[in-house]
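A.B. asks: Straight out of TrEMBL:
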- 1-84: region 'Disordered' (REGION)
- 1-12: compositional bias 'Polar residues' (COMPBIAS)
- 18-29: compositional bias 'Polar residues' (COMPBIAS)
- 51-62: compositional bias 'Low complexity' (COMPBIAS)
- 73-192: domain 'Kinetochore protein Ndc80 CH' (DOMAIN)
- 307-333: compositional bias 'Basic and acidic residues' (COMPBIAS)
- 307-344: region 'Disordered' (REGION)
- 374-595: domain 'Kinetochore protein NDC80 loop region' (DOMAIN)
- 461-534: coiled coil (COILED)
């Protein structure tokens, strides 16, 4: 609103600030600051508020009237507090002691001390409280001069006399000083409560950092608007725009990261689907083991048959050898008899010749029998070598069986998959009974146990196959849900772009309207300035003409005020629309993020 004919301009607020608006403003450093009264005044004298003060509007006659925003007269006021009431003073003492003891005051304090305090006690207490207001505040001059000035800067509504500070503990001085200290404590308590309300409002309304930045921008820009600093408003808008652009980049990066995680999960699912499952690998191992078992059984059967044949041949050879040995003994006995007969008979030439022939014949027979014996021994040795080779092969096969059984946790009998059955085979080739070569009954015990184990694995295989089918169905459902979520994200992205475009157009329209109104205001100001210059140059004009110009000026002021209020209302509506749009985008992105996280957790589970 334009002021009187003095030519100074200022801006007037559209209405009073509510208590919630006071609490949600941004505090510099989280505590009150004491500054020059000219550079920072309390809003209409409200204690603890360090916002801009709106001066009262002056009438054309030059007299000042009360501002519409919590203003009151600047004349000296009578203190309405009951400073002579002993109960009230005791309450003030208790409040002061409570604050000092709960906020780290390290000097002794008691109700007796605060009944008639010394000047030193008062200085310590007031210095401690001033430090709570501003940590950098120091009393460098005389206490009697500095304390009243600091209370005045803090907008204490009642004066503090120097004479009272010279006699702090006197009955006529201490009640007013105690009330001032109590007011300062209430001011500090108010600031603490306001900070708590700000934090609770952030929690209750789920206001994140970007929202706080936006509300700080609104508070600072409104303050600059009231002080007429348009350049600062533009700087704040640029800073807010840069902040939101940075937040948008972070959101886009987070969305891209989630998309990459989804692609990674898809790749993992594809890899797990492509390669053989643990069930299929176990099934293949089981088929290999079944094949090995069948081979072992066939080999064992063949070795048994070969062993029986070799044993039969050995027995036949031993019987034949025994017969030849008996025959040799008979021939030797016959030779001894013949030698006795020959030795008892007289030998002639014919007998000698006959004996030589008979000897030659017997030698041929002996040589034939010796060669047959050697052949039988060679055959027995060859059969024994073949038997030992087969035994070695059987031992190698048994070792391979043990390796496979150990890998499958079938041995010993306490192994995981043995189920109390002894699958371990011990080979003893030195025994003559084929049924005792192995320590277990292959046909009646080992083979049925292996068959039962195979049936158990077949049952587990069927169950796992059914579970794999269900899992595959869930994976297919998850992929369909993922596709639907991707389509929903794309749709929300297009909606977000459309809303941003609408917001941009609305802001451009609002900026254009504001620029147009500012141009009109500048034109009106130029006209007023021209009229003033004309009025100064034409001093010879009548007072009636000057009065008419003054009336026209006041009408222009009213018109400008109305137009300014309309612009402020349009700006407030645009800000509300922008806030609603931003909250909608935040809620949408939060919902998408929660849905994405839930989907990822479902896929991982």
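Placed from the backbone N, Cα and C atoms, the Cβ positions cover glycine too.
Unlike curated records, TrEMBL annotations are generated automatically.
Just tell me what is around each of these and how deep it sits.
C.D. replies: Mapped onto DSSP helix, strand and coil, the compositional bias 'Basic and acidic residues' (307-333) counts 27 helix, 0 strand, 0 coil.
Counting only same-chain residues 6+ beyond the ends of the region 'Disordered' (307-344), those with a CB under 8 A from a CB of the stretch are 351, 355, 362, 365-366, 369, 372-373, 376, 379-380, 383, 386-387, 390, 432, 434.
For the domain 'Kinetochore protein NDC80 loop region' (374-595), the model's average pLDDT works out to 76.
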A.B. asks: Write out how many residues of the domain 'Kinetochore protein Ndc80 CH' (73-192) are helix, how many strand and how many coil, based on DSSP.
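C.D. replies: DSSP composition of the domain 'Kinetochore protein Ndc80 CH' (73-192): 67 helix, 0 strand, 53 coil.
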